[in-house]
């Protein structure tokens, strides 16, 4: 019989609550122990209580005092970048070897996008899940990168305003910075750029991501096959992840190069990928694919780490 590792979630907002429901319903190697918030009236804490999960509204300071904390092996932090630095320090002061999965853009640990680099980090003590936009788009950059050298990649993540809680809104600058860096570090681009758009349309629109990749000249069939293979790999843990339309290519000749401000002229192959992410509607409705891809990636990561601990 599989030993389930107990987990706590810090942050009882949209992301934390969605993740809790996924763990309770779908986890094979993890067991929900504590939901941590700072607002005693939050819907996430109320829902956790109704689902039989222990709660505290006193933040991480409250968590480390709880008897349940003694058995917790994993903590998911779904707060904000600024709060995560303090949370991680307090958790380690109490339990030095604890595994922390960071769902904020703080990035004090290595970046992780499961389909690209999870196996390199199964023993990490703090792992950063980049951002929702990063989880959706970096696999596409990496897919091109394994076929041809990528000089520049730019992503535009469009999410429904209703899916963005106060934590997401407070972290816009951190979102763009962390995603841009991870496009380079994990995606393999020499230079990365990220843009996020919160769309106030009613009814809310599903998460859409556009990925532009400028690479050396390459066989377009090979690039497309690599992208389709990567989409299938992401879809294994995010069932609503899909190509919205066929991959588009444009050959940029040496005689008419593109000028990228700040980066100079470019010729080669431009690949455009259009992604749609439909949420599983565990907490917010299906338009909130940005929640789903983040929590699904975090769950897949922790499940693999827990499995590795059991095999050790």
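Start at 1 and count along the chain as shown; that gives each residue its number.
Any Cβ shown, glycine's included, is placed from N, Cα and C.
What Swiss-Prot lists as NAD(+) binding site is 12, 13, 14, 15, 163, 164, 165, 166, 167, 168, 169, 170, 171, 290. Classification of residue 14 (NAD(+) binding site) by DSSP places it within a helix. Long-range Cβ neighbours of residue 14 (NAD(+) binding site) (same chain, at least 6 residues apart, Cβ-Cβ under 8 Å): 163, 165, 168, 283, 284, 288, 291.
Feature annotation from Swiss-Prot assigns active site, acyl-thioester intermediate to 132. According to DSSP, residue 132 (active site, acyl-thioester intermediate) sits within a helical segment. Cβ contacts within 10 Å of residue 132 (active site, acyl-thioester intermediate), excluding its own Cβ and spanning all protein chains shown: 30.
Fewest Cβ neighbours within 10 Å among the binding-site residues 12, 163, 171: that distinction goes to 171. Looking at residue 171 (NAD(+) binding site) and residue 132 (active site, acyl-thioester intermediate), their Cα atoms lie 12 Å from each other.
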